[in-house]
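Participant: Next up is a structure, given as structure tokens.
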Amino acid sequence: MLDINYIRENLDKVKKALVDRGMEGTVDMDRFLSIDDNRRGILSKLNPLQAERNTLSDQIAKCLAEERKPLIEKGTALKNEIKKLEEDLRSVESEYKELILWIPNIPLDDVPVGKNDKENVEIKAWKPGTGYLDQTLLSGYNGSITSMPKYPTKSSKDFSPVPHWEIGEKLDLIDLNAGSKVSGSRFYFLKNEGVLIVYAIFDLLLKKLVKEGFSPMIVPLLVKEDVLYGTSHFPGDADQVYKVDNSNVENKNQLYLLGSSEPSLFSYYMNTTLSKEELPKKMVAITPCFRSEAGSWGKDVRGIKRTHQFDKLEMDVVVEGTLEESKKIHEQLLSINEWLLQTLELPYHVINMCTGDLGYFAAAKKYDVEVWLPSVNEYMEVMSDSITTDYQARRLNIKYKDKANLQYVHTVNDTGATHRLLIAILDNYQQKDGSVIIPEALRAYIEKDKIVPKK
């Protein structure tokens, strides 16, 4: 949530952010400021009356019995006046809170202005055997495509690779039909070495993160509504979240299935004041994630790229409330993303997301890391890395004490790994004979170097 004082003093910037993010018309800012003025006017009347009522109560308690009657009458009049103003305030506050939740974060200055993914900017690309591509080979969103391999990087050049759903089925790693039978479309069973590869990746990355000072956490997968509002997944992405029937939930709490462990991780510090010396707070969790994928039901219908349930390793950091610190952590998380892909020897590029493709309201800057898939001649997103400044902290009320001053923290989040890395391995490590070589970094976990077709 933006600071109301910032909104009042920077209305043009807020309106521009709405336009740049493709949200023009989502919030009537003039209406919002009118409500804010009304709210402030009511409070300017209400606060003195409440103070007067408190003073009067003290006087009544201390005065003689014969002096009480006029004071009690005055107190009754004050009570009625306060009650009317409080009713007016509740009405105004309701609309005020509803509208301010729809005002997104302000994109940072180095975020490219654009409408959609075609206007994202490629900032680096890497491939095995070559390393980072020269900057002259990058342009626009997908400039590096012409420099990426047309065949699996760990194979010969004389065959056309097949997509992951074909080779995954042949190797008995992925069963889409069983997933559909049990749960419907966009569900799947992952099996055998496919499971081992995913767990091996998680373990490889988790061990590195623990060495980097991250605290591993097992988090609730069902969360309350205020947690999703607090992390700004509500109201904008409410249609992506599964709502749980609460008829048999303790205390009839309304709960929701997580689409990421991020809401639970950051909400761990909800309504908390930390000391500057405690920061940064680095957290990592590996959880199942659940998403409705509303609005994308016709996209990526084959395979396991876009599914209703998947597993994810999430890296989240609570930092000092400065852009300098946020940007430093943002780059550190990106370097961890790149370390993993380079360790797995998977070709990839990094893109700076434009204003119209930043995603949820909290993001002020976002990198996406996309891995190259030679079978379909395109990139696939596997990681994302976002700065959210103090936007989430204001909603969640997470502060830190710097000497005598209280400030809101900043939050930075990152998707470290998902099952999509299995897709990338099946694509880039498949062989002409239908087998798949296991990346060298994972062989100690899986205790084999190749997956061969079952006889």
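Cβ atoms are placed via backbone N, Cα and C, with glycine included.
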Participant: For the annotation coiled coil in TrEMBL, which listed range does it cover: 75-102, 159-186, 271-298, 383-410?
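Facilitator: Checking TrEMBL against the ranges 75-102, 159-186, 271-298, 383-410, the coiled coil one is 75-102.
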Participant: Among ASN192, ASN377, ASN413, which residue does TrEMBL name as a further L-serine binder in the site formed by ARG291, GLU314?
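Facilitator: As annotated by TrEMBL, ARG291, GLU314 share the L-serine site with ASN413, chosen from ASN192, ASN377, ASN413.
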Participant: Translate the DSSP assignment of ASN413 (L-serine binding site) into the three-state scheme.
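Facilitator: In the DSSP reduction, ASN413 (L-serine binding site) maps to strand.
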Participant: I need to check the long-range neighbours of the coiled coil (75-102): which residues 6 or more away from its ends have a CB within less than 8 Å of a CB in the stretch?
Facilitator: 1-2, 4, 7, 23, 26-28, 31-32, 35-36, 38-39, 42-43, 45-46, 49-50, 52-53, 56-57, 60, 229, 234-236, 361
Participant: Where VAL382 (ATP binding site) and GLU314 (L-serine binding site) are concerned, what is their Cα separation in Å, rounded?
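Facilitator: Their Cα atoms are separated by 12 Å.
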Participant: Please identify, among the recorded positions GLU381, MET383, SER384, THR415, the one with the smallest Cα-Cα distance to GLU314 (L-serine binding site).
Facilitator: THR415
Participant: Using C-alpha positions only, work out which of the recorded positions ARG291, ASN413, THR415 is nearest to SER384 (ATP binding site).
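Facilitator: Nearest by Cα distance to SER384 (ATP binding site): THR415.
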